[in-house]
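Below: the structure, in structure tokens.
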Amino acid sequence: MKKAVVLLSGGLDSTTCLALAKSQGFACYALSFSYGQRHSAELCAATRIAKHMGAADHKIVTLDIALFGGSALTDASIEVPEFKESPEIPVTYVPARNTIFLAMALGYAESIGARDIFIGASSVDYSHYPDCRPEFIESFQSLANLATKAGIEGDRFTINAPLQYLSKVQTIQLGAELGVDYGLTVSCYQANEAGEACGQCDSCTFRKRGFKSAGVDDPTRYQKCVHI
């Protein structure tokens, strides 16, 4: 069976990616990161999801919080803003996060003989993070095949971002078709320890709109309601 490393945050998108990779016949090696994020409830969710969905293995890598300063997701002195339509990169951007995550996933993949890496990045219904764009994914794949023994020997890596051009509605519909239990997931940037979502941040808003427009019951437990 082919192996794939799946970046699993515990959120809606990465869980859909895990389900999709499994549906394509991959033995999935889930990889999560603890980097001082205030929404640590997502790591508990990732553990539940990996077990529930039968991942071949699930590793949680702890990174030095000092690597990720200046973000509302890692710095308690910076408030997570309520949702606002804007083309600007918000304070919830974590410096080079996906680059670091993918680099570690690449090393892990090469070491276990996997040549596919799945990431739930999307450039639709997102917060304009630069490391979610298709240009970034394509460039990282090129790097992966230039920087590894496997790559230069022709055993090439593929960075799979199957949600890249899907809206949140389409992602939820896909997950529903794959039987994803979204009640296990946590997407909120500031979920409490019980995994209850704030209902006001960008991630909550995109998620809530997505379920409503997809016509799928929203299993999320919200602390507050947001009008959509």
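Just so you know, glycine gets a Cβ as well, placed from its N, Cα and C.
What Swiss-Prot says about this one:
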BINDING   Leu8, Ser9, Gly10, Gly11, Leu12, Asp13, Ser14, Thr15, Thr16, Cys17, Leu18  ATP binding site
BINDING   Cys188, Cys198, Cys201, Cys204  Zn(2+) binding site
Spatial neighbour of Cys201 (Zn(2+) binding site) that is closest, considering only the binding-site residues Leu8, Ser14, Leu18 and their CA atoms: Ser14
Candidate with sparsest Cβ neighbourhood (10 Å radius) among Leu18, Cys188, Cys198, the listed binding-site residues: Cys198
Cβ contacts of Leu8 (ATP binding site) (under 8 Å, same chain, 6 or more positions away): Ser14, Thr15, Cys17, Leu18, Ala30, Leu31, Ser32, Ala46, Ile49, Ala50, Ala55, His58
Residues satisfying Cβ distance under 8 Å from Gly10 (ATP binding site), sequence separation of at least 6: Ser32, Ala41, Glu42, Leu43, Cys44, Ala45, Ala46, Thr47, Arg48, Ile49, Thr185, Val186
Cβ-Cβ neighbours of Cys201 (Zn(2+) binding site) (radius 10 Å): 26
Pairwise Cα distance for Cys198 (Zn(2+) binding site)/Leu12 (ATP binding site) [Å, integer]: 15
Rounded inter-Cα distance in Å - Cys188 (Zn(2+) binding site), Leu12 (ATP binding site): 10
Other CB atoms within 10 A, centred on Ser14 (ATP binding site): 27
Cα distance (Å, whole number) from Cys204 (Zn(2+) binding site) to Thr16 (ATP binding site): 17
Inter-residue C-alpha distance, Cys204 (Zn(2+) binding site) and Leu12 (ATP binding site) (nearest angstrom): 11
